[in-house]
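Enquirer: Here it is, the structure, as structure tokens.
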Amino acid sequence: MENIADLWNSALTELEKKVSKPSYETWLKSTKAHALKKDTLTIIAPNEFARDWLESHYSELISETIYDITGAKLNIRFIIPQSQTEEEVDYPPAKAKKMNDESNHLPQSMLNPKYTFDTFVIGSGNRFAHAASLAVAEAPAKAYNPLFIYGGVGLGKTHLMHAIGHYVIEHNPNAKVVYLSSEKFTNEFINSIRDNKAVDFRNKYRNVDVLLIDDIQFLAGKEQTQEEFFHTFNALHEESKQIVISSDRPPKEIPTLEDRLRSRFEWGLITDITPPDLETRIAILRKKAKAEGLDIPNEVMIYIANQIDSNIRELEGALIRVVAYSSLINKDINADLAAEALKDIIPNSKPKIISIYDIQKAVGDVYQVKLEDFKAKKRTKSVAFPRQIAMYLSRELTDSSLPKIGEEFGGRDHTTVIHAHEKISRLLKTDTQLQKQIEEINDILK
């Protein structure tokens, strides 16, 4: 039982990285391992509602996570405390998907059926990434190759990658589509060397029509894996096969990434996804509620959207937490109940959200620069230096991408923003006067 407990604790550690904080704390944190018999792992859920939700929403993810840890394909069964002694037949386990499927595309467990273009909510922060993804899906290797999508956690990068895979398979069932994380690519590569199966590994990933690889930033520092992926990339690109890559940052900001690999990522199109605005967050909640068959008052969705502005995963997790809380205490959902359900994950006083406009105004006040001059083409020192400071602070104090910052400064290139950030960072190490001026600007922004 101790080994089972260790296995489940390891699984929970990995699952915590894959789901939102509200989802993890609501559904997974309170679960415990009960038994491992033959090919079935039995997990204890705290109540019947949680058991049913875990069964329908997390079985496949848990099975895949266990497989990544152990290499074993286990079925997952959920029980509630009073049913621990019941026969297996009462609640049949969720069948694990076959990981060695020999069909042209991966098993459905690897492409989430919920992640399609139809279920993707388009907003100002993801409109271009969505359009680029759809173009790639409609004409693989002809529109943008590679397509590099970057942005923060839980903003929809993985959703778009799965959507591309689904679209390609739907319109060409014979297409060989592979989706995986860079971590899985690394693990399989290491295992192939250990087991003397490097040729099989290369054949697997160099003979596909579409390669979708998630979280490429985790290749940083892994020299041998980068070497292998470099040759995989070349082989696919030379054969006009589509490559789609996601990361939490643009190629130029991935540390210890080989220059030759970075340059190849820049061959095609690089597009970012930024956090959704209020209208998009409300639309996301409405679509989620409809998909799950939930009747949620509009005031509750507006309340949640105003409180959770970090990413989509946290947003949807908060909605499900409210629904679960309502079910457990048997009360109707309203704004007060939502506030009670989310009190542990919403800070009492949310920090002020600083915009690029706020920064430009504050820097302008300190350096006597007009707002319009930040976007103008003026290069006089009296304007150029404050502009660089404003770019530096925009990078430090906002979640805006490099292209977005450049756009707010008169459509300047993202490399200009990088240069400004590097220059001010360097000066701050020795220039005490600049340190005081930055401190003054920060005081204004508080």
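Cβ atoms are placed via backbone N, Cα and C, with glycine included.
Pasting the relevant annotations from Swiss-Prot:
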type	residues	note
REGION	1-81	region 'Domain I, interacts with DnaA modulators'
REGION	81-109	region 'Domain II'
REGION	110-326	region 'Domain III, AAA+ region'
BINDING	Gly154, Gly156, Lys157, Thr158	ATP binding site
REGION	327-446	region 'Domain IV, binds dsDNA'
Enquirer: Could you give the number of helix, strand and coil residues in the region 'Domain I, interacts with DnaA modulators' (1-81) as assigned by DSSP?
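Expert: When I sort the residues of the region 'Domain I, interacts with DnaA modulators' (1-81) into the three classes, I find 48 helix, 16 strand, 17 coil.
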Enquirer: May I have the DSSP-based helix, strand and coil counts for the residues of the region 'Domain IV, binds dsDNA' (327-446)?
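Expert: Summed over the region 'Domain IV, binds dsDNA' (327-446), the classes give 80 helix, 0 strand, 40 coil.
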Enquirer: Around the C-beta of Gly154 (ATP binding site), how many further C-beta atoms are within 10 angstroms, looking at every protein chain?
Expert: 20
Enquirer: Roughly where does the region 'Domain II' (81-109) sit in mean pLDDT, to the nearest integer?
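Expert: Residues in the region 'Domain II' (81-109) carry a mean pLDDT of 43 in this prediction.
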